[in-house]
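Undergrad: First the structure, which I've put down as structure tokens, then a few questions once you've had a look.
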Ligand SMILES: *[C@@H]1O[C@H](CO)[C@@H](O)[C@H](O)[C@H]1NC(C)=O
Ligand SMILES: *[C@@H]1O[C@H](CO)[C@@H](O)[C@H](O)[C@H]1NC(C)=O
Ligand SMILES: *[C@@H]1O[C@H](CO)[C@@H](O)[C@H](O)[C@H]1NC(C)=O
């Protein structure tokens, strides 16, 4: 049967064909036509020339193109639809109308980037319609695919949003990746604006809800969102009632283009543009926005809202948000104005010793400003002055919100949903570190050991804990590579002068330093490298400042060049627990290094002097030293072995923060660190046993010395003390071992009430110290692990016993 009819059928088709072609002739796109992604590729234009589909060259990368639909007559490119926003097409990609797959976007090598997805059917032609809808038609003129059914961030007149449909924001104005906001008509008939987690597509709470859903009476619920050609924008309810999003403003909008766009900042705008170019001012007029004021709208619980964390949102006249960082804060990503803000200064309980905390900060008073969530503590009733004082006294407090004379709420960073608006009543007090203290602790994000960001630290730790040694090894390697990359970047950014020494490092001549030290008259200390003098540098441009001048007495480098190379290495080693090198002098036989002055002297005098430092101060100092060492070992390239860790080489600044001095000098002084040296470096009592053996010297010698130092810090006494009542207590390391094995670590801090109240911490510190002084090098932990153990980020296992026997070198 079929064979009989076939010829007739074909003839019938032949007759039909010219009809189809005729139907698609006026500006329609036939199968096989294509556009190539180049700057001046001709787009496919709708018959009235209102809309065009073509390649839009990306602003940030001229080699990338976005397949998009835009208004052809409006000079400023306004994109209303786009394909593959996440992955724009490279230059010379091709968009082609194919018979089987409709519109296909492929890269220059023919790899598929995107295609119009439809169930089945053969494509006859496509049309860029005057409404802005790009439609792919089948042989019977049925619509196989249309851009209106696959919206991106914009709704056009005659386009309809059904239940379950949504618009998604772009990532940024000129980045078309999916952003974090969505506009949708939910299955129960509510029009919602949500933020979502881009990674998981998890919906957070709606920050707008039209309330058109009605669970009980479905016939009343919203079932479509429509934008009409006259610019009316509404939800159509089951009973055919319209619930409008705008109240009529008495203007006839027939001769305007209209569009509804979910902007990258989460604001949905209905805007209009006159079709007649004469009445146009070149801008889209925003007729309404949803929500009315995104800064004070009901974001809650998750995400950071329209601005990033710690940012403050204000509404611009066009009802779009402006995000700005408080004074003393700046954008984490300078290119992302809507991103997070980060303090330019260090703050928090670890950065500031308790007793000095208050004087370090100013409070900025911001009227009509609030961060409404994440309350830490509420004080009520409270006066403004008391509120300020509460925040200044509390090292955890970064911001205090003062409510109308009623109460005071302390808050800790990071804070979302910051806002400043006339409708907002509270006053925000923002703590900003005083300029003179800010530079002492420059933020140093590149240091792994230093990670302040709680989240990433937790992730790091949980990864470290939950993975094998091998993975840890790789991970630490990657982190070190990443940080050394940042480190190098930072170094290269500081312009070097022709000697290869950073220009931030000052060169001094002998005369200048002689004057500064008043003829080298005040001696601060003597070390293995020479004598240290106190000095004052005076200059016209800034206030006089105190320095420590180290006169090196046995530098081996012959040439100035080598000396300068070494100095520049030290100068590039920055960390808040290292003494900073400010300048140098190499004139004739004089070689001197100029360091920042540490007003509180050495740890030795603090620890063994009178009165004794508190337990809290001591533990903070110990952690600070561990951080500094961790930095030298893990993040410097080449790695720096200190070789002489002892209380005399730890200096204390104005706030009794520990700074390690004398690092990086070994090479300068010709000490070969790779193998045992006849001249043992280090100091009696602190040197590791392997100095006496023919094994390579590694960073673990510092770990050993740190262990001894840690015990001294815990017990506030020297490792070897002859005039003690009990002979067993002469050598601290031995005595600690005894105490630990007998379970009497309390005895180590006998008269220290504060330490005795923190028994767990005491035991942890003692165990860490015992791990550090293991004779077997391989048993000693790395400084990184030491730091994690001290900070209670990982568990400390009981150290192996019997203890190493102390070596009197
Ligand atoms: C194409 O545009 C015309 C008017 O310009 C409109 O009537 C028609 O519905 C549109 N077709 C589609 C499929 O959008
Ligand atoms: C757009 O932003 C995303 C997310 O930040 C980023 O991964 C992507 O590379 C950006 N795309 C372009 C073309 O810049
Ligand atoms: C639903 O609402 C419509 C219109 O308000 C009303 O006529 C109808 O009786 C309601 N149905 C129910 C089940 O309440």
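Every residue gets a Cβ built from N, Cα and C, even glycine.
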Undergrad: Looking at the ranges 372-400, 401-429, 430-458, 459-487, which is given as transmembrane segment in TrEMBL?
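TA: Within the set 372-400, 401-429, 430-458, 459-487, TrEMBL attaches transmembrane segment to 459-487.
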Undergrad: Can you tell me how the residues of the domain 'Bulb-type lectin' (36-149) break down into helix, strand and coil by DSSP?
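TA: So the counts come to 3 helix, 53 strand, 58 coil.
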Undergrad: Mean pLDDT for the domain 'Bulb-type lectin' (36-149), as a whole number?
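TA: When the pLDDT values over the domain 'Bulb-type lectin' (36-149) are averaged, the result is 94.
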Undergrad: How many other Cβ atoms sit within 10 Å of the Cβ of residue 551 (ATP binding site)?
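TA: Total other Cβ atoms inside 10 Å, all chains included: 17.
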